[in-house]
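The block underneath contains the structure these notes are about, expressed in structure tokens.
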Amino acid sequence: MKLLMLCREPRLYSCQRLKESAEDNGHQIDILDPNRCLLKLSKNAPHFELYYQVNSKSEPYLLPDYDAIIPRFGSTSTRMGCAVLRHFRTKNVFCLNDDVAFLKARDKWLSLQLLTEQGIAVPNSALSGAEFSATQAILQIQSPTILKTLHGSQGIGVILAENRKSAVSIMETLTQADVPLLMQDFIQEAQGTDIRCFVIGDKVVATMQRIGQEDEFRANFHRGGSAEKIQLTEQEKVLALKATKCLGLDVAGVDLIRSKQGLLVLEVNASPGLEMIEKTSGIDIALQMIVHIEKQFKR
């Protein structure tokens, strides 16, 4: 197969592992930055064209056809990355997470709404408009309060407000800067830990418990967190698969938390990192992703 990976940083661990696994299985793979693409629409055939420019001084060239697409772009490239995914979906090319599912997962509030609609428990959450009083809005959520920007990954854009006064101050400041925030209950009993479930297709292929640094409420690897192996219950496996299906994803990193209220889904990531979970679990997740693509291509 001829594969295309959409990625801004090809040297990242996840991109390199996927490249190695694809090539080891006999596939050709290109790694391209979606922000260097140009999409063209025309009333005359061909109606859809995709060009690529290696750098600002180079001559753009028309990209060839591909058999499958692997999206690995970050939140800052979501708009262009999803436009490229839609281009390929229009041409009936298999995308390992298409643009529709990707956009659902990348919008934190929308994803919480969709999960809740399907009866999947999430932390108590609230979203207020720019003209709604921050002082009144924050009363809907417990204190301490988690504040999150609607788009972001790797723990970036997540703030713990220790009291209502600081929460209101943060909300008012960021609202003035046109940065909307969602509010969530802080689950204190979790003590800075969560469970990452890596889902491919209809199977949870790997898991780990993530542990935040001392005095750090975020358990993300990129925030200095560590990880250890963990055994999932059958209920947790079912929940991770249900959350993945709810957003229409083929591949997902589902973050769960064990709370006094029961199991909660914190987030569903459409482009989950491989490094920490491969090293913790000892499972070759990159290979399983390539095998999943092969199975879809043979259908």
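Just so it is clear, glycine is given a Cβ too, placed from its N, Cα and C backbone atoms.
The following features are taken from Swiss-Prot:
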DOMAIN    112-294  domain 'ATP-grasp'
BINDING   Lys148, Asp185, Phe186, Asp194, Arg218, Ala219, Asn220  ATP binding site
BINDING   Asp255, Glu267  Mn(2+) 1 binding site
BINDING   Asp255, Glu267  Mg(2+) 1 binding site
BINDING   Glu267, Asn269  Mg(2+) 2 binding site
BINDING   Glu267, Asn269  Mn(2+) 2 binding site
Among the binding-site residues listed here (Lys148, Asp185, Phe186, Asp255), which has the Cα closest to the Cα of Asn269 (Mg(2+) 2 binding site)?
-> Asp255
Around the Cβ of Lys148 (ATP binding site), other Cβ atoms within 10 Å, all chains included, total 22
Overall pLDDT of the domain 'ATP-grasp' (112-294), taken as the mean | 90
Between Asp185 (ATP binding site) and Glu267 (Mn(2+) 1 binding site), what C-alpha distance do you get in Å?
-> 14
Between Asp194 (ATP binding site) and Asp255 (Mn(2+) 1 binding site), how far is it from one CA atom to the other, in Å?
-> 6
Could you check what DSSP calls Phe186 (ATP binding site) once collapsed to helix, strand or coil?
-> coil
Roughly how many Å separate the Cα of Lys148 (ATP binding site) from that of Glu267 (Mn(2+) 1 binding site), to the nearest whole number?
-> 12
For Asp255 (Mn(2+) 1 binding site), which DSSP three-state class applies?
-> strand
What is the separation, in Å, between the Cα atoms of Glu267 (Mn(2+) 1 binding site) and Phe186 (ATP binding site)?
-> 14
